[in-house]
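Engineer: When I checked TrEMBL for this same protein, it listed these features:
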TRANSMEM  20-39  transmembrane segment
DOMAIN    26-288  domain 'G-protein coupled receptors family 1 profile'
TRANSMEM  51-73  transmembrane segment
TRANSMEM  93-113  transmembrane segment
TRANSMEM  134-157  transmembrane segment
TRANSMEM  193-211  transmembrane segment
TRANSMEM  238-261  transmembrane segment
TRANSMEM  267-289  transmembrane segment
Amino acid sequence: SKANLLHTDNNMKITLFSEVSVGISANSILFVVHLCKLLHENKPKPIDLYIAFFSITQLMLLITMGLIAVDMFMPWGRWDSTTCQSLIYLHRLLRGLTFCATCLLNVLWTITLSPRSSCLTKFKHKSPHHISGAFLFFCVLYMSFSSHLLVSIIATFNSTSDNFLYVTQSCSILPVSYSRTSILSTMMTMREAFLIGLMALSSGYVVVLLWRHKKQARHLHSTSLSSKASPEQRATSTIMLLMGFFVVLYILDTVIFQARLKFKDVSTFFCVKIIISHSYATFSPFVFICNDKYMIKFVTSMCGRIVNV
């Protein structure tokens, strides 16, 4: 059975738990650093607030995935239907919120980096409130889109039916009608296409702004200036790295999901999909850490203290 295959697949087990462990550690560091910045600054920057929220969302996602992985690979006791529904619904909701938080963080960064002459200037002082409202809207939207899991997820104790879609050794998804599946798939595709399009537009806008800024700087300054990257350049590189990494992983996740359906839920595809779908939450904090001087100093000082101890 699929459960037995997963239970004996040590390579997948080690890879998944390693990914979750690394992601939890990285997001914890990212959250603590930005929380310290928020507490110590008199006028905290909105971007720090949203990065802290972004990291805590991904942290909760990976913790939830770790709990689900325990039932996949190391079942210490069978879950009941309530536990299955709660954890899987929470995991699906957090995945959606991570997607949403990535998009809104990208938009907020674009507004923050836009010059005074830009049409986005009027949103600079209003952006935190507007983006908070947009995020609450997406929260309600994702909760409604995932509500079907509360009735379609069940605990499978002794069932071996091929009609059930395997989730963990304790939980499965009941078969859903074709019409309902088509409606949910269409709505999710439209939602994700809108968010990816918004991220692409905001990232492209930032790249154009930076290119114009560089062009103007060449006329105003000599070529003997320091070659160090400016804060705007570091922010732009962070945006582009996150955007590119997200799109690549999203495409891979979609391809593997279709392969899983085509080959009738092969356990290998299932595990690979889980690993890829959580790679962004695991490795995106390192993009922030490597492109933020404050983060680098904080991590370096922490490593120094650990070595001294």
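Easy rule for this one: first residue shown is 1, then count along the chain.
From the backbone N, Cα and C atoms, a Cβ is placed for every residue, glycine too.
Unlike curated records, TrEMBL annotations are generated automatically.
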Engineer: Please give the sequence-distant neighbours of the transmembrane segment (267-289): residues at least 6 beyond its ends with Cβ less than 8 Å from one of its Cβ atoms.
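Structural biologist: Hits for the transmembrane segment (267-289): 2, 5-6, 9, 12, 15-16, 19-20, 22-23, 26-27, 29-30, 51, 55, 58, 61-62, 65, 69, 95, 98, 102, 166, 238, 241-242, 245-246, 249, 252-253, 256-257, 259-260, 295-296, 299.
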Engineer: Is it true that the transmembrane segment (93-113) and the transmembrane segment (238-261) have 3 or more CB pairs under 8 Å, sequence gap of 6 or more?
Structural biologist: yes
Engineer: Six or more residues beyond either end and a Cβ under 8 Å away: which residues meet both conditions relative to the transmembrane segment (193-211)?
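Structural biologist: Distal contacts: 99-100, 102-103, 106-107, 109-110, 113-115, 118, 232-233, 235-236, 239-240, 243, 246-247, 250.
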Engineer: So if I exclude everything within five residues of the ends of the transmembrane segment (20-39), which remaining residues of that chain have a CB under 8 angstroms from its CBs? That is, six or more out.
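Structural biologist: The answer is 45, 48-49, 51-52, 55-56, 58-59, 62-63, 65-66, 69, 278, 281-283, 285-286, 288-289, 294-295, 298-299.
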